[in-house]
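Annotated in Swiss-Prot:
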ACT_SITE  Thr40  active site, charge relay system
ACT_SITE  His43  active site, charge relay system
BINDING   Cys38, His63, Glu64  Zn(2+) 1 binding site
BINDING   Cys93, Cys96, Cys99, Cys107  Zn(2+) 2 binding site
BINDING   Ile175, Asp195, Arg200, Leu262, Gly263, Ile264, Ile286, Tyr287  NAD(+) binding site
Amino acid sequence: MKALSKLKAEEGIWMTDVPVPEVGHNDLLIKIRKTAICGTDVHIYNWDEWSQKTIPVPMVVGHEYVGEVVGIGQEVKGFRIGDRVSGEGHITCGHCRNCRGGRTHLCRNTLGVGVNRPGCFAEYLVLPAFNAFKIPDNISDDLASIFDPFGNAVHTALSFDLVGEDVLVSGAGPIGIMAAAVAKHVGARHVVITDVNEYRLELARKMGIIHTVNVAKENLTDVMANLGMTEGFDVGLEMSGAPPAFRAMLDTMNHGGRIAMLGIPPSDMSIDWTKVIFKGLFIKGIYGREMFETWYKMAALIQSGLDLSPIITHRFSIDEFQKGFDAMRSGQSGKVILSWD
C-alpha cells in the first residue's frame, strides 16, 4: 500500500510502498479516506531536535484522519464493516494507576500513532478498537479528519467554566483559533486572541473571533481598556509556546485567574513567579484529549452549530502531499487536508 514515511534521518517525507498492517484480535483495520497535516508532522518533516530524539526511522507518520472500517479483530464488539471512524492517537497501556482510575489521557506509558507506531498517512491503518470513535452521519469527512487537533482545542478551552468569562487565547494557530471559537460558542463574554502572524489573525476573524490583536503592532492593555475590562482576564488559554506571549498573559490575568497551557515553551523559559503567587493563579497543563469525554463534546459542539469549516484552507490529493507540507511550513495556512480517495 502507499504510505508517507520518514525514510531518512534528514529533512523530508517520502512516498513509499509498505505492507498492509495485520489486524490483531482487538484491532480495527481502517481504510483511510482523508488525513490532515499536524504541526507535529511538520516537526518530523523538518527533522528538528525533538524528532531526532523521538522518531524511529523508517516510520509511517500521521495521526489526523477519517476512514472506514474494513476489517475487525475477532475479539472486537460494537463496530461493523463500513463504520466511519476517526480515532484517539494516544495508545494507552490500560494497567497503570491513571488508566485504571479512568484518567486514561494521563497514562504514563502512552504510545503515539505516527510517532511511536505506524501512522495514518497510508491507505490502511490498524488501531485498537478501544481508540476508535464513530463519526455521526451529519459530520463531514473534512471535519472528522481534524478531530484530533480539534480535541486539543476542546480539552484546553473546556478545562474551566467559560460562561460569562473574559478569555485570552495566545497563539492563533489552527488549535488556538478553534479554542477561541469554542470559548465564544459556549458563552464566554470577551474572547481575545493574540499573535504576530497577520494571516492567522485574519483566519481567526473568518472563524468569528472579533477581538484579534497583533501584539507586534497593538498593545493588549489598550484593547482591554476599549472593551471596558478593568480587572483582567478570567481564563487564559496558552497555545503558542512563546515566552513573551505567556509573560503577557501573566501580566493581564485577573487575580484568581485560571490558565490552561497546551503550547510547549522552551525548557529554559523564565517568568516572574511572583505574578503567579500573588495573583493566586491556577495553571493546568494540557496533553491530548480526555478519553473519551472530549470526543463526545467535539461531536456535540459541531452538531450544535459550531462551524469549523473556515479553519480548513487547503485541500490536496495524496499525490500532491508535497504541496500540503509546503503550505503548512509557510505559516500561511490553516488546516491542510490530504485526500486518499
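Each Cβ is built from the backbone N, Cα and C atoms, and glycine gets one as well.
Just so it is clear, the model here is predicted, and its values are computed rather than measured.
Distribution of Swiss-Prot features across the structure.
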residue: Cys38; record: Zn(2+) 1 binding site; DSSP (3 states): coil
residue: Cys96; record: Zn(2+) 2 binding site; DSSP (3 states): coil
residue: Cys107; record: Zn(2+) 2 binding site; DSSP (3 states): coil
residue: Ile175; record: NAD(+) binding site; DSSP (3 states): helix
residue: Asp195; record: NAD(+) binding site; DSSP (3 states): strand
residue: Arg200; record: NAD(+) binding site; DSSP (3 states): helix
residue: Leu262; record: NAD(+) binding site; DSSP (3 states): coil
residue: Tyr287; record: NAD(+) binding site; DSSP (3 states): coil
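Of the recorded residues, Ile175 (NAD(+) binding site) and Cys38 (Zn(2+) 1 binding site) place their C-alpha atoms 10 Å from one another. Closest in space to Arg200 (NAD(+) binding site), of the binding-site residues given as Cys38, Glu64, Cys96, Cys99, Cys107, is Cys38, taking the CA atom of each residue.
Under 8 Å, Cβ to Cβ, and six or more positions away along its own chain, Asp195 (NAD(+) binding site) finds Ser170, Gly171, Ala172, Gly173, Gly176, Leu201, Ala204, Thr212, Val213, Asn214, Val215, Ser240. When Cα-Cα distances from Cys96 (Zn(2+) 2 binding site) are compared across the recorded positions His43, Gly263, Tyr287, the shortest belongs to Tyr287. Note on the binding-site residues Cys99, Arg200, Leu262: the fewest other CB atoms within 10 A surround the CB of Cys99. Comparing the recorded positions His43, His63 by how many other C-beta atoms lie within 10 angstroms of each C-beta, the top residue is His63. His43 (active site, charge relay system) falls within a helix when secondary structure is assigned with DSSP. Per Cα geometry, Gly263 is the residue among the binding-site residues Cys93, Cys107, Gly263 nearest to Cys38 (Zn(2+) 1 binding site).
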